[in-house]
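Under the heading disulfide bond, Swiss-Prot lists Cys42-Cys132, Cys44-Cys60, Cys59-Cys112, Cys65-Cys138, Cys66-Cys105, Cys73-Cys98, Cys91-Cys103. Annotation comment: Swiss-Prot describes 122-133 as region 'Important for membrane-damaging activities in eukaryotes and bacteria'. For 1-16, the entry in Swiss-Prot reads signal peptide. Sequence annotations record features per position, and here Swiss-Prot assigns site 'Important residue of the cationic membrane-docking site (MDoS)' to Lys122, Arg125 based on similarity to another entry. Annotated site 'Hydrophobic membrane-disruption site (MDiS)' per Swiss-Prot: Val128, Leu131, in sequence order, evidence recorded as similarity to another entry. Taken from Swiss-Prot, the feature site 'Cationic membrane-docking site (MDoS)' applies to Lys129.
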Amino acid sequence: MRTLWIMAVLLLGVEGSLIELGKMIFQETGKNPVKNYGLYGCNCGVGNRGKPVDATDRCCFVHKCCYKKVTGCDPKKDRYSYSWENKAIVCGEKNPPCLKQVCECDKAVAICLRENLGTYDKKHRVTVKFLCKAPESC
């Protein structure tokens, strides 16, 4: 558990409740979220949005678009509750509506990253963001 907390803290600059998002990505993919997704493509981790380089990067693009729809809380900082039940993410029912939305955005990106593990390409692990092409609209 301590390792997950350290990984989440290292995700500084990544949008979303860092601790929850990092844990979800690890639980769904088995991958270290900082090492594998912190600088991946044009949309994962820190940096601006750009045209996705592959399906993995598209997951992060959709995640950032999901956050743009959130109102009433700060998806970058505000924490929410969720549980891991039978290998599935369950957003807490006691979360206020805004944080429920943030949790669902984070859940969706974690599942998307798992579903697209086959498209993950180590050559995109560290992408120079200013070389990314203009992003599509959400």
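Cβ coordinates come from backbone N, Cα and C, glycine included.
On the structure: features taken from Swiss-Prot.
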residue : record                                                                : contacts (Cβ under 8 Å, 6+ apart)
Cys44   : disulfide bond                                                        : Tyr37, Gly38, Thr56, Asp57, Cys59, Cys60
Cys66   : disulfide bond                                                        : Glu104, Cys105, Ala108, Val109
Cys73   : disulfide bond                                                        : Pro96, Cys98, Leu99, Val102
Cys91   : disulfide bond                                                        : Tyr80, Ser81, Tyr82, Lys100, Cys103, Glu104, Lys107
Lys122  : site 'Important residue of the cationic membrane-docking site (MDoS)' : none
Lys129  : site 'Cationic membrane-docking site (MDoS)'                          : Cys42, Val46, Gly47, Asn48, Gly50
Leu131  : site 'Hydrophobic membrane-disruption site (MDiS)'                    : none
Cys132  : disulfide bond                                                        : Cys42, Gly47, Asn48, Arg49, Gly50, Lys51, Val53
Cys138  : disulfide bond                                                        : Lys64, Cys65, Lys68
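Below 8 angstroms of C-beta separation, residues 35-36, 39-42, 46-51, 53-54, 56-57 of the same chain, each at least six residues beyond the ends of the region 'Important for membrane-damaging activities in eukaryotes and bacteria' (122-133), sit close to that stretch. For Cys105 (disulfide bond), other Cβ atoms within 10 Å of its Cβ number 24.
A straight line from the CA of Arg125 (site 'Important residue of the cationic membrane-docking site (MDoS)') to the CA of Cys112 (disulfide bond) spans 17 Å. In this view, Cys60 (disulfide bond) is surrounded by 23 other Cβ atoms within 10 Å of its Cβ, with every protein chain counted. Rounded to a whole value, the Cα-Cα separation of Cys112 (disulfide bond) and Val128 (site 'Hydrophobic membrane-disruption site (MDiS)') is 23 Å. The local packing around Cys42 (disulfide bond), expressed as other Cβ atoms within 10 Å of its Cβ over all shown chains, amounts to 24. Cys91 (disulfide bond) falls within a strand segment according to DSSP. Long-range Cβ proximity for Val128 (site 'Hydrophobic membrane-disruption site (MDiS)'), meaning a same-chain Cβ under 8 A and a gap of 6 or more residues, is found for none.
Fewest Cβ neighbours within 10 Å among the disulfide-bonded residues Cys59, Cys65: that distinction goes to Cys65.
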